[in-house]
Structure formats: structure tokens, C-alpha cells
Amino acid sequence: MAMKRAGVSAISALCSSPNLTRGVHSTAGSKKIVGVFYKANEYAELNPNFVGTVERGLGIRDWLESQGHQYIVTDDKEGPDCELEKHLSNLHVLITTPFHPAYVTAERIKKAKNLQLLLTAGIGSDHIDLKAAAEAGLTVAEVTGSNVVSVAEDELMRILILVRNFLPGYHQVINGDWNVAGIAHRAYDLEGKTVGTVGAGRIGRLLLQRLKPFNCNLLYHDRIKIDPELENQTGAKFEEDLDVMLPKCDIIVLNTPLTEKTRGMLDKERISKLKKGVLIVNNARGALVDTQAVADACASGQIGGYSGDVWFPQPAPKDHPWRYMPNQAMTPHISGTTIDAQLRYAAGTKDMLDRYFKGEEFPVQNYIVKEGVLAPQYQ
């Protein structure tokens with residue numbers, strides 16, 4: 001009830017704020033929409049459904065231009081002379097993606113005088129300064145649910161890769177080696193292990209369901225408990241205190257949004273209290289952990305394996321310590337941008353643009369910032 005009352009008072013205060021001058025509803029006339037995506041390059045023509053790229057721009061160019069709107073797509077997002085900066089002053093809608101994030105800072109928001117709507121093609125809008133967006137009266141929305149299956153499946157894959165010590169075996173094969181002992185000395189079964197998810201939202205719940213057949217001991221920590229029926233179905237146990245849950249785990253999976261409260265949550269001190277040789281999967285956000293602390297713990301053996309597809313910043317620089325630390329199974333940010341996921345978040349983005357042009361509300365679960373108020377997971 002306290003949170004509900006705080007939300008109501010926050011809405012009342014912010015809705016009366018003089019800063020709230022830019023609403024979600026489109027005004028009449030042609031709009032300038034800018035999309036920032038990764039380039040497909042030579043892979044663009046290999047799959048007609050490869051839509052989440054600069055080359056295909058979510059597949060919405062013809063639709064937008066047939067209605068008289070201007071659509072600019074680019075991958076150039078860094079520095080004062082980048083392509084994105086050239087369009088900030090007169091764009092109305094900015095579409096970004098977590099896989100090639102255009103960092104929408106307070107400074108950029110201030111420059112974008114005509115900006116009304118920030119859309120995330122995918123899930124996770126922490127690359128946007130949400131507080132600045134709220135203060136400017138902008139609407140921020142994402143395609144909630146569009147890639148949750150994709151990410152949960154990827155997490156399960158990474159758990160198995162780490163538990164079975166898969167990568168050294170793969171490297172032996174391509175290097176012409178054959179050393180069973182070099183793999184088997186730290187390969188285990190997943191059955192019977194304690195797996196804890198930090199966060200049990202849409203992705204966390206799907207992961208728990210997918211882990212059930214492996215007969216693991218499942219734990220979860222979140223702001224609120226999951227549905228009792230799902231608890232019974234998965235056998236997952238709620239852990240109210242994160243610092244009580246983490247040392248119990250053989251495997252930890254991070255599934256929580258990046259906020260000021262969760263930033264750096266897995267730091268040197270917390271890592272030191274984990275089981276020696278713990279395995280960690282992080283497909284949530286790289287900044288949830290202390291980068292150097294993870295690298296040091298992998299080197300010392302305190303962390304037995306670390307896998308994920310999220311880094312900070314993104315793209316990761318060539319000298320990022322995670323590229324070179326032992327016992328890692330890192331990839332670029334790919335888990336949520338399968339072809340199936342791209343089709344879903346492209347359709348969801350188009351639907352919200354259509355609603356924006358018509359002055360209609362979005363699906364309520366898609367709002368991240370609305371009328372100056374942040375969604376609960378970002379508060």
C-alpha cells in the first residue's frame with residue numbers, strides 16, 4: 001500500500017509539473033522518426049526476416065513513408081558528430097534497441113526540442129536517462145514480452161555450457177587436441193544443483209519453468225512473490241533476503257532491471273561471500289556487476305564460470321577484461337535478437353507507432369515512462 005500511495009502522489013505531483021509539455025499523442029502533420037540499429041552488412045540478404053537492422057529498419061519504411069512520415073535509420077550513435085546527433089534537433093520519435101544502444105542522455109533529451117516519444121525495439125530501456133525523460137514529459141515505451149522466450153532459452157543454454165565445461169572441449173576440437181581430463185575435471189550434472197534467479201519477472205519465471213525438468217533446487221528473489229500456482233508448478237522457493245539466497249547457490253542467474261539501486265549489485269564484497277566456484281549467468285545488464293571484480297574472481301577461481309551477452313558499455317571495447325578472463329562464455333548482445341524475437345519487436349514497434357499517430361493509448365505493460373511516472377521496476 002505504501003508503494004501505491006507513493007505512486008499516486010508522484011503522479012499528482014508530476015502531472016502538475018510545468019515540465020510536462022511533451023505528451024505521447026501525435027500532433028497533426030508529417031513526423032520525423034529516427035531508428036538506431038546494428039548493421040547486418042553481408043548478412044542482410046541471407047534472411048528476409050532479418051528486420052532488426054539498419055538495412056531493413058524493422059520493415060516499416062514503406063508503411064511510414066506511405067503516410068508522409070520521414071524515416072531515418074543509422075548505426076552511428078557515438079560522439080558529437082555522429083549521425084544521430086545531426087537529427088536530434090528536429091526528430092519527433094526515436095527508436096532504439098538494447099542490442100546496439102543509443103545512450104539517450106539528459107543532454108541529448110535537452111537538445112531534442114521536438115521529441116515526444118522514445119520507443120525501445122525490444123526489452124530494457126536503461127540506455128535512456130529515464131528520470132530526464134520523465135522530467136521532460138516524454139513517453140518511453142518498449143515491446144514488453146517480445147523476446148522473453150528468446151532470453152530464457154539462452155540463459156538455460158549458458159547454464160548448461162558452464163556446468164558441463166563445454167567450451168574447453170570445443171576449443172580442443174578446433175585446435176586439434178584431445179584431452180578428456182582437461183574437460184572432465186570440472187564438468188558436472190545440472191541435476192541436484194541449487195539455481196537462484198535474481199529477479200522473477202517474465203524472463204525469470206520462464207527460466208524457472210524450463211529448469212523444472214532438470215530436478216534442480218530452485219530459488220528466486222524479487223520485490224514480490226510469483227503466483228502460488230507457478231511456485232507449486234516449479235517448486236521454486238522465495239528468498240526475501242538476497243544476501244541470504246546468494247551463498248546458497250551453485251548457479252546464479254541475473255534477471256533484474258538495471259536501476260540506480262541494482263547498479264553494481266554484484267560487487268567484490270558480495271562475490272567474496274558466494275560459494276567458491278559459483279557459476280553466474282547474466283543476460284540482464286552488464287552494469288549490474290562490478291566488471292573488474294568479476295574478472296578478478298574468475299581469475300582466482302572464486303567464480304568458476306561467467307557467461308552472458310551483456311556488457312558495459314556496448315559494444316564492448318577490445319580491451320574489456322571480460323574478453324580475456326578465464327572460464328568465461330561471453331558473446332555479444334544476442335540473446336534477445338533472434339529472428340523470431342525481431343519479428344515480434346518489429347510488429348510491436350509498428351503497433352505503438354500506429355497508436356501514436358492515431359492518438360491512442362499503448363498496451364499498459366509497454367509503458368516505461370508515462371506522464372512523468374516511471375514503471376515500478378525502474379523506481
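Using the three backbone atoms N, Cα and C, a Cβ is placed for every residue, glycine included.
Caution: TrEMBL annotation is automatic and unverified by curators.
Listed in TrEMBL:
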{"type": "DOMAIN", "residues": "64-361", "note": "domain 'D-isomer specific 2-hydroxyacid dehydrogenase catalytic'"}
{"type": "BINDING", "residues": "Ile123, Asn147", "note": "substrate binding site"}
{"type": "DOMAIN", "residues": "157-335", "note": "domain 'D-isomer specific 2-hydroxyacid dehydrogenase NAD-binding'"}
{"type": "BINDING", "residues": "Arg202, Ile203, Asp222, Pro257, Leu258, Thr259, Glu260, Lys261, Asn283, Asp309, His333, Ile334, Ser335, Gly336", "note": "NAD(+) binding site"}
{"type": "SITE", "residues": "Arg285", "note": "site 'Important for catalytic activity'"}
{"type": "SITE", "residues": "His333", "note": "site 'Important for catalytic activity'"}
Across all protein chains in the structure, which of the binding-site residues Asp222, Glu260 has the highest Cβ count within 10 Å? Asp222
Across the listed NAD(+)-binding residues, Arg202, Ile203, Asp222, Pro257, Leu258, Thr259, Glu260, Lys261, Asn283, Asp309, His333, Ile334, Ser335, Gly336, what is the farthest Cα to Cα distance, given in whole Å? 25
Determine the mean pLDDT over the domain 'D-isomer specific 2-hydroxyacid dehydrogenase catalytic' (64-361), rounding to the nearest whole number. 97
Taking only the recorded positions Ile123, Asn147, Arg285, which one has a CA atom nearest to the CA atom of Ser335 (NAD(+) binding site)? Asn147
What's the number of neighbouring CB atoms sitting within 10 A of the CB on Arg285 (site 'Important for catalytic activity')? 24
From the recorded positions Ile123, Asn147, Arg285, pick the residue whose C-alpha lies nearest to the C-alpha of Leu258 (NAD(+) binding site). Arg285
What number of additional C-beta atoms lies within 10 angstroms of the C-beta atom of His333 (NAD(+) binding site)? 24
Hey, how far is Asn147 (substrate binding site) from Glu260 (NAD(+) binding site), Cα to Cα, in Å? 24
Any idea which of the binding-site residues Asn147, Ser335 has the thinnest Cβ neighbourhood at 10 Å? Ser335
